[in-house]
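Listed features, source TrEMBL:
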- 6-119: domain 'Response regulatory' (DOMAIN)
- D55: 4-aspartylphosphate (MOD_RES)
- 130-231: domain 'OmpR/PhoB-type' (DOMAIN)
- 130-231: DNA-binding region (DNA_BIND)
Amino acid sequence: MCDKKTILVVDADHEHNRALQLMLENNGYRVLSAHSGQQMQELSRHSAPDLIILDVMLPGEDGFQACRDVRSFLSVPIILLAADSDEMDKVMGLDAGADDYLDKPYGKRELLARIRAQFRRSSRQTPTNQRYYLFLDWLVDTQMRRLQKISSGESEPISSNEYTLLRIFIDNPSRVLSRDDISDYMRGRQALPTERGLDVLMSRLRQRLGDCAKNPRLIKTIRGSGYVFVAEVSQHNELDEIITPQLKAG
């Protein structure tokens with residue numbers, strides 16, 4: 001593999017961390033290793049991993065908080081690992097910004113399949129010659145995979161799954177998308193971590209955008225049919241076409 005993907009493994013258990021590192025390297029990945037949330041942040045900022053595998057049991061802050069911290073500046077896929085987890089743990093993980101959640105002990109093949117699915121999903125975006133999407137007070141930079149508030153110039157943390165869902169909507173404005181349509185765009189139902197995956201993901205995206213489900217300005221639910229992105233979307237290739245000094249500063 002001439003262009004290896006880099007995976008950051010974050011696990012306080014040195015033995016498990018090393019075993020996971022060897023398994024991933026044997027399957028063609030470049031691997032970085034961290035044993036705490038602080039190390040994870042440092043490596044994430046300076047080494048730009050393509051995906052993070054994060055155990056929720058960490059010294060100091062737990063994996064959920066570590067996930068939130070990294071998600072504030074990085075939008076790569078994050079897979080959480082946890083033992084003896086229940087549905088609420090999974091919801092907490094997804095709300096923290098994780099893209100997938102895997103119970104321990106897990107099978108090597110399943111983990112590798114989930115990693116491949118995350119890479120397929122993050123790379124499968126509708127081609128466009130335009131770098132920027134603009135709607136209401138929001139700007140999407142497709143090159144940086146960044147969501148930015150125009151009025152303040154501040155970036156909004158967004159997970160890889162949330163970004164993918166947002167791209168589906170802004171690539172198809174005014175089109176009613178069924179749950180099956182969305183699942184197909186996201187490479188099948190297995191792309192959604194739980195049965196409630198789409199509902200949780202939709203709720204998280206609406207929260208990110210400040211969109212109220214009862215009185216939406218962006219994503220409207222069409223009962224019995226699906227969802228539609230109702231805001232007007234424009235595309236631009238240059239930031240100068242759009243406006244504002246804050247955006248360039250951000």
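Each residue, glycine too, has its Cβ placed from N, Cα and C.
TrEMBL: automatically predicted annotations, no manual curation.
Across the DNA-binding region (130-231), DSSP classifies residues as 35 helix, 23 strand, 44 coil.
There are 22 other CB atoms within 10 A of the CB of the residue listed as '4-aspartylphosphate', with all protein chains counted. Counting residues of the domain 'Response regulatory' (6-119) by DSSP class, helix then strand then coil, yields 54 helix, 26 strand, 34 coil.
The average pLDDT computed for the DNA-binding region (130-231) is 84.
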